[in-house]
Amino acid sequence: MQQLNPSEISELIRARIAGFEGRVETRSQGTIISLSDGILRIHGLEDVMYGEMLELPGGRFGLAMNLEQDNVGAVVLGEFSGLQEGDVVKCTGRVMQVPIGKALLGRVVNALGQPVDGKGAIDAEEFDVLEKIAPGVIDRQSVDEPMQTGIKSIDAMVPIGRGQRELIIGDRQTGKTAVAVDAILNQKGKDVQCIYVAIGQKASTVAGVVRKLEEYGAMEYTTVIAANASESAAMQYLAPYAGCTMGEYFRDRGMNALIVYDDLTKQAWAYRQISLLLRRPPGREAYPGDVFYLHSRLLERAARVNADFVEKFTKGEVKGKTGSLTALPIIETQAGDVSAFVPTNVISITDGQIYLETDLFNAGIRPAINAGLSVSRVGGAAQTKIIKKLGGGIRLDLAQYRELAAFAQFASDLDEITRKQIERGKRVTELLKQDQFSPMSVAEQGAALFAASSGALDDVEVANVRPFEKALLAYLNSNNKELMAGIEEKKDLTDDLKKQLDAAVKQFKSGSTY
């Protein structure tokens, strides 16, 4: 038997010591000293980060939001019953993360990315942080591709481009969600992934939206993030950031995504509630001083990024493709007051707004878009050529018509030009009405706008404008399929297509009843 001498034994011990890996995990921990309204005060967390996830008893988590000299203020994510003073809280060493990837499409999740639709666990590709810095100026590409909503009045008067932030603003019950949902439905077959973030809404309302998305086959390319009215303020505050992170997955990989925040007023309310409970000093309308930053850091992440950014992000896997994340934030006003704190903040952050008016909605003009107050600051460069040619004067016509119509109430005798303008305005107003859940293709919008601009509607009774439009589109789709396909493909009205369309409209008028 071979004997080991003492020097060999000491060498073996040294080698073992050198190869030893310490598995000692040091984590700061503290105790809850007060608990009320979902807000924790924790003593003893020495090295906690701002925004760090905290491990609470019972497998729950909190979020560190106030770092003070002698304690840490944190919000509980989810249910806080069962927690009590003296409970131990541990640091996790990581910030908030949510699952991202294509596995989330077709699912309904909460603000933490956990499924709430009863369809089982989500096999996510990876996780990413909630709070991210928006792409810089050098990484961005100008907005020049259209994001078609399928709504005539929007695509003609306030066009939206891919990578734009277009605010939808109006009082309650003016059709804000309807506009956003129609925009999602219109992305079918256009290779645009959609995210719908419901903040502070009734569970029944969210269920209704999900049902409609499923009914029209839109759920297969859509993720719904629900932070319902019954959930904690912390979840309502975090939901938009979670949705944005999920949308950035597509943007950064050279794909296109559309995100709807419904609505950011409720997020601002939730943040105000959290801030006041954390004893942060209140400012105007009791909002904290950083409520502008709350929305600006969220909406700046919606952008169109250039091919270099995508190539660098994907480490050369995707080349020559730009990515975009288009945002449609919704803001609810009180009695039409767009000069309130949160509405003015979001108007100044976004690239334009679609203003929906209660009076127009009640008058049966739906979508109830106020042409004078609605604007798109960058979408004009992204508008399709045919809509630009045919719909260019519509916004001006409508604004002038509303002005003249108000003036005509007091004047008994009107000159011929004014009377014609009013008559045309009535027909254009009627033409721009559109049923919910019925987005239109570019060719259909082009044909309808062509009928208005060419004077084909001038001899049609105002009450018959919508039946005329419906019958015309049905006629063109069945008898002039090649013409409609040509317009849809070129997105332009060439001289040849214009002649064909003019002839088709005249032929329809000569032989049809509507």
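Keep in mind that glycine also has a Cβ here, set from the backbone N, Cα and C atoms.
Feature list (source: Swiss-Prot):
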BINDING   G170, D171, R172, Q173, T174, G175, K176, T177  ATP binding site
SITE      S374  site 'Required for activity'
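Least packed by the Cβ count within 10 Å, out of the binding-site residues G170, G175, is G175. Of the listed recorded positions Q173, T174, T177, S374, the Cβ environment within 10 Å is emptiest of other Cβ atoms at Q173. Close to D171 (ATP binding site) in the fold, though at least 6 residues off in sequence, lie E332, T333, Q334, A335, G336, L356, T358, each with a CB less than 8 Å from its CB.
Non-local neighbourhood of R172 (ATP binding site): E332, each in the same chain, at least six residues away, with C-beta under 8 Å from its C-beta. Compute the center of the Cβ atoms of G170, D171, R172, Q173, T174, G175, K176, T177, which mark the site for ATP; besides them, the chain residues with Cβ within 8 Å of that center are E332, L356, T358, F361. The shortest Cα-Cα distance from S374 (site 'Required for activity') to any of the binding-site residues (G170, Q173, T174, K176) is found for G170. Under a cutoff of 8 A between CB atoms, and with a sequence separation of 6+ in the same chain, the neighbours of K176 (ATP binding site) are I168, I169, G170, D262, D263, I330, E332, L356.
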